[in-house]
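To keep things clear, I will list the structure first and then write my remarks on it.
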């Protein structure tokens, strides 16, 4: 017997009406349980595989998701962790990759699958991708025992913190440009076991009652802390100058404590002195600066060009091949536990949940912060 907890947070999958808006939880639960293959809280063709639907009191369009909502999702899963064999989070596609990445950092010690999914077309519409995504996610969560935060969409199971949305309209909406899919679903489920993270040992696993209790306490503290700071994304573009960077970093409320710089190419940015001075001043003030690439695939090589080394000299550290979605989620998670900036800089370049491939002899190439 296997039982899966399905958490409906909102998103296209549960939308209805004109214009489309997320339907209330009880209404969506009834719709799910009326679908072919999902009647009565059981999955047809999988004897003993059942599911329970829960929901946010106010379902959200994922464009309205905030880091506070990431923590609410994590708290919801931690609250029922002992009662289920796997978890499915139904979520809007626009920010699903951010939330899936966040779970990998907010719930260290995962011993069970957490599978994010949603759809491009609502379940209430006839020609949709919602039903196959939903059924696939429940089956994967209830049968695979993959101890990770995952994203399942259009037959591909991706590591959540490696995922990005790549298409606004097509059913193949997500990709993992810097890491292979963990599994594919067709007539059979094919899992590449060599790619999976190892199960946590007892000393770190959420199966350990002490660790689960500690996680619940920590999440409650993070829920308060995350409201006291901001982590932002600064996408570079031709012509961006010091005034824009200064406004983003120094005139935001609450105070900015981390910046994910979506840089050009291999991590390059403007080499103008006044622009770099804004970043350098922020670094000196304890703001953590991440140098990500805005290119879909590939890795940051911060020393390849003078324009990249300028960002490094200003204090930005290389995100290597970590996607910006994961970089932001990881930064928020570390900031919300009160970690010191120097320790955050070091940890951001280490793999916590398979989100990054640092060079074996990676060195942090930033100026020290005093």
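Backbone N, Cα and C atoms are what each Cβ position is placed from, and that goes for glycine too.
Here TrEMBL flags 3-192 as domain 'L-asparaginase N-terminal'.
In the three-state DSSP assignment, the secondary structure recorded for residue 12 (active site) is helix. The active site annotation in TrEMBL covers 12 (among others).
Feature annotation from TrEMBL assigns active site, O-isoaspartyl threonine intermediate to 12. Long-range Cβ neighbours of residue 12 (active site) (same chain, at least 6 residues apart, Cβ-Cβ under 8 Å): 20, 92, 93, 118, 119, 120, 121, 122, 130.
Summarising the annotation, TrEMBL assigns substrate binding site to 62, 93, 94.
Secondary structure at residue 93 (substrate binding site), as computed by DSSP, is coil. Here TrEMBL flags 93 (among others) as active site.
Over the domain 'Asparaginase/glutaminase C-terminal' (233-348) the predicted model carries a mean pLDDT of 96. Annotation source TrEMBL lists domain 'Asparaginase/glutaminase C-terminal' at 233-348.
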- Query: With a radius of 8 angstroms around the mean position of the C-beta atoms of 62, 93, 94, what other residues of the same chain does the substrate site pick up?
  - Reply: 11, 12, 61, 63, 65, 91, 92, 95, 96, 118, 165
- Item | For the domain 'Asparaginase/glutaminase C-terminal' (233-348), residues assigned helix / strand / coil by DSSP | 51 helix, 21 strand, 44 coil
- Item | Diameter of the substrate binding set by C-alpha atoms, the set being 62, 93, 94, in angstrom | 7
- Query: What residues, ordered by sequence, lie under 8 A Cβ-to-Cβ from residue 94 (substrate binding site) and sit at least six positions away in the same chain?
  - Reply: 61, 62, 63, 165
